[in-house]
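Annotation source Swiss-Prot lists 4-carboxyglutamate at GLU3, GLU4, GLU6, GLU9, GLU13, citing an author's statement.
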Amino acid sequence: GYEEREVAETVRELDAA
């Protein structure tokens, strides 16, 4: 769903930080 996609994107950004 939309939330899952947003969460996945946030996780990527946090992991790259």
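Just so it is clear, glycine is given a Cβ too, placed from its N, Cα and C backbone atoms.
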GLU3 (4-carboxyglutamate) and GLU13 (4-carboxyglutamate), Cα-Cα, nearest whole angstrom:
15
Please report how many Å separate the Cα atom of GLU3 (4-carboxyglutamate) from that of GLU9 (4-carboxyglutamate), as a whole number.
10
Would you count the other CB atoms within 10 A of the CB of GLU9 (4-carboxyglutamate), including those on all shown protein chains?
10
Return the count of C-beta atoms lying within 10 angstroms of the C-beta of GLU13 (4-carboxyglutamate), excluding that atom itself.
9
Take the Cβ of GLU6 (4-carboxyglutamate) and count every other Cβ within 10 Å, whichever protein chain it belongs to.
10
Per DSSP, three-state class assigned to GLU6 (4-carboxyglutamate):
helix
